[in-house]
Amino acid sequence: MKINLERLCRRLNYHFNNMAYLKQALTHCSAGSDNYERFEFLGDSILSFVIANELFNRFPLHSEGQLSRLRSFLVKGEMLAEIAREIGLGDYLFLGQGELRSGGFRRTSILADALEAILAAIYLDGGMTAAKQIILMLYSSRLDDPDLNHCLKDAKTQLQEFLQASKFALPEYVLTKVEGDEHAQIFHVTCTIEGVSQVAYGTGPNRRKAEQLAAKAMLEQLQG
C-alpha cells in the first residue's frame, strides 16, 4: 500500500523541503535501519523545551514544581499518542510485517515515539521556529483548556472535590495489608465511599502512594 505523505503534511500544516526527513521519522525499527529512533531522541528534547517555555510564559505565578507537573502531563506518552491519533498518524507509519500484524499502528508507545520523531524531522527541515509553531498548533486546545491546571491536584484531592460536587460522602481509605521485607514493603489500601457500590484498590511502596492510587482508581470508576 502506497502511503500518501503529502496528506500527512497537510494535516500537520507543514510542507517539508526534504521529504526524506519525514519518511525516516515515520519508519519503525522493524522496517529498516534508517528508522526514527535517533529522531525520537531529538524530538523528545525539542518538545520538552517548547512546552516548558510556553508554560513558563503562560503561568508566571506557578512554582517550579507546578510547571514540572504540567509539562510532565502534557508530554507523557498517552498524551502524545492521543494527538497522534487525532492526526491519523498510524495510517502513515512504515512498519515491519510483524508489527503490522500485531497492530503496531495503534500502539500507544509507537504512536508517541513517531510523533516525537516527526517534531525532530520538522526541526531538522525547517529549524526551531517551524518546530515550535507546529508543536503549539498541535497542543493549542490542551494549552488553552481551562481545566489544564487540574492535573496539579493529586488524586485524593480530585476525588474529594468530585464527591463534594456530586453530594456524596467523603472516601474512606483502609490499610488492608502490608507485605514484604522491612526495606521493601508493599502497602495495600482499599477505598470505599458510603452509599457507593464501587470499591477501589491501590498498592504502593508506602501508604500515601497506595492511597493516591486507590483514589485515582475510584475516580476513574465514578467518571466512567
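Heads up, the Cβ atoms here are built off N, Cα and C, so glycines get one too.
In sequence order, Val75, Glu116 are the residues of the chain that are 6 or more apart from Asp44 (active site) and have a CB within less than 8 Å of its CB. What Swiss-Prot records for Asp44 (among others) is active site.
Look at Swiss-Prot and you will find Glu116 (among others) tagged as active site. According to its DSSP assignment, Glu116 (active site) is helical.
Taking Cβ-Cβ distances under 8 Å and a sequence separation of 6 or more, the neighbours of Glu40 (Mg(2+) binding site) in its chain are Asp113, Ala114, Glu116, Ala117, Ala120. DSSP assigns Glu40 (Mg(2+) binding site) to a helix. Under the heading Mg(2+) binding site, Swiss-Prot lists Glu40, Asp113, Glu116.
Look at Swiss-Prot and you will find 5-127 tagged as domain 'RNase III'.
The domain 'DRBM' annotation in Swiss-Prot covers 154-224. Here the domain 'DRBM' (154-224) has a mean pLDDT of 93 out of 100.
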